[in-house]
Amino acid sequence: MPRHLLTSTPPKPTPGSIQSPADTDPSAGKTHTTRVPARRSLIALFAVLLVAWVAIAGVGGPYFGKISEVATNDRSSFLPESAESTKAQALIDEFSDLDYVPAIVVLENKDGVSDSDRRDLADLTATLEDKELLAADASPIIPSEDGDALELILPVSTDTTADDVEQIRSTIAGTFPIAAAAAGVNGETTDATTSADVYVTGPGGFSADLSEAFAGIDGILLLVALIAVFVILIIVYRSPLLPVIVLFTSVAALSASIFVIWHLADAGILLINGQVQGILFILVVGATTDYSLLVVARFRDALLTERDRVRAGLKAIKGVLEPIAASGGTVIAGLLVLLLTDLASTRALGPVAAIGILVAMCAALTFLPAALIVIGRAVFWPFLPKVRTETTAAPKKGLWNRIAEVVARRPRTIWIVLVVLLALPLLAFPQFKASGVAQSDFVLGESEARDGQDVLAEHFPGGSGSPTQIVVAEDQLKDAAKAVSSLGGVESMTVVANDSPSGSVAIDDEGALQAPRGGGGPAGAGAPPASPPAPTEVDGQVLLEVTLSDPADSLAAEDTVTSIRDAVHDVDAEALVGGETAVDLDTNTTAEADRALAIPLILLVITVILILLLRSLLAPLLLVALTVLSFGTALGVSALVFNHIIGFSGADPSVPLYAFVFLVALGIDYNIFLMSRVREESLRFGTHKGVLSGLVATGGVITSAGIVLAATFAALAVIPVMFLFQLAFIVTFGVLLDAILVRSLVVPALVHDIGRRVWWPWRKRIPVD
């Protein structure tokens, strides 16, 4: 590189050199000249980078709407092969060549079910069969004992569950006489009662509601996040152009990330769900903007001492390369720990988020500097940074100078008082309930499936339509049935019998098969057979189905399944218990195990990296301890809000892990931004002056970055899913707490109080204060 690009002394004009009008500093009264070939080559390189990123954004942009195509919200698909419900499902599939999910239609008529109600349900079944929306034959119409409700179980394809259920609901709303409020289809009068309500619930209904909740993830979520970031950047920069460039940097990074992840998911290498998809959008936008804030701050500082925009840009890149690479690398290392987890959705978050962070770093270190250099000072219009000269007045003391003075006066008092205040919410930490929530609580706001589940539980056994399935040896069937029937929470049992008209045979409490009574269909019933059909046997095993008293998605039902497993395994150690409730139980159990494994490993990885970066043992340990304290405070406050203000029933076991990953891993970003600058200043001036200089230099950037990241994560709350709402609240509160309070006051005060000893044991190069 030409020497004149690396020195602040402008070279004398030489033949072949020209003046750069764009870099003339009127306030300095001087012009600057550069060599044409070098300048043109560098600007050409930056222009190529700009074109390349625009092309990347153009190629990746269309995949915004396609990423949902490779995402799935089927919880069973994320379980490891070692899970009992996964093993059970593999055997259950052998009892039938049909692959379907039950969607339960429940009709409630508080005036009593009429013959018209029954005919209408029968007609609905025929219509759905004509439309080929059913994966198998519908169940017989099942009346409730109180005579006020009817139940119909519709098998829908697992591949198109959400779409099929929406078509079923549309068919009910558009052509079902009961839903027409006493006016028949096409306006013809019918004898249908207006007091009947029809709902589609069960696993199929909940799947459709969840898919609808995630429908806004490609549009409204990203729009809200970008608008929030744009408003913040306008306030921070007071420039109309710079926020647009920073936002384009974020969108380009997101486009590239989605392009890569879509192809990995399409190839089956990654398995993602709606939650991971939403987090990817938010994480890339937030991280890219955070890194961009550092780049812009360094570029602006460089323009105060450099007349040439190219030299200023190179100086800015040099200044941010190490902290961005270090912070991004630390976050990526922490995220990749998730590859060791068993739940596929959690395991996928690691590489998905790591790819997003890597691309965010690349965009912030290539596209943004190129844009800043090509545009020059004009990017800050109307407040153009001017080169300072000897006659330039010293800048007035700003907010961070005053904060640094406060920290210098009473460092010990500040950090002790604030640590005590941060520790108080830890008293509520045990109240954070993260053992799982009912599937009916997943979706916030209106949910037809949840309303239908309430009606179903009022008139039928709670687990109706979603039985717990037990694969047991044929010669152990009777003993297994007796063991299960003795448990609380069990309503009834059947065993699969393909020769039976209904496909199953009831079993009494003693484990004896009961002869079916007629066909049970709407057309009437025939005489009962002399003896019950034999259970269907596959490789010496039979399939026992247990209807639970509690709703299949409830925690009470999960407790019952745990008891069933214990009882059945005592009879047949090789028996396997599966079904929807078992899947939920295994998912929660696996998530809890992943949480216990990942959190300590992430802490260990981050601590080791900080030790290497800061070349100290004491400082990294203190920083990690404060980060964990900040996380605990956020979780304690969240417990109070969720339990006593909002009234949530609990949280998914993965919520604390996801919150920990983003609060700790991203919180370390701010540690690195601050402490790398503090160490740099401490090597020159000593620790006391170094920490104050570092605080003044990075305080504004870190606070702005924290506000931006908090705003982007807060955008997750627009998706009406409990998991994302809870994650949005915890991370938003935690990031603001960390960036504004911990990094701005607690860490500087603590480091100032400890002094040079904070760099122990490698402190020889640090001057004595």
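Just so it is clear, glycine is given a Cβ too, placed from its N, Cα and C backbone atoms.
Automatic prediction, not curation, is the source of TrEMBL annotations.
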Residues flagged as region 'Disordered' in TrEMBL, choosing from 109-141, 505-537: 505-537
Interface check, the transmembrane segment (244-265) with the transmembrane segment (320-340), three or more C-beta pairs under 8 A: no
Contact between the transmembrane segment (42-64) and the transmembrane segment (277-299) (at least 3 Cβ pairs under 8 Å, separation 6+): no
Cβ contacts under 8 Å made by the transmembrane segment (352-380) with residues that lie 6+ beyond its boundaries: 22-23, 42-43, 45-47, 49-50, 53, 237, 239, 241-242, 245-246, 248-250, 252-254, 256-257, 260-261, 270, 272, 276, 279-280, 283-284, 287-288, 291-292, 294-296, 299-300, 303, 309-310, 312-313, 316-317, 320-321, 324-325, 328, 331-332, 335-336, 661
Intrachain neighbours beyond the transmembrane segment (213-237), with Cβ under 8 angstroms and 6 or more residues off its ends: 64-65, 67-68, 73, 243-244, 246-247, 250-251, 254, 274, 277-278, 281-282, 285-286, 289, 293, 296, 380, 442-444, 704, 707-708, 711-712, 714-716, 718-721
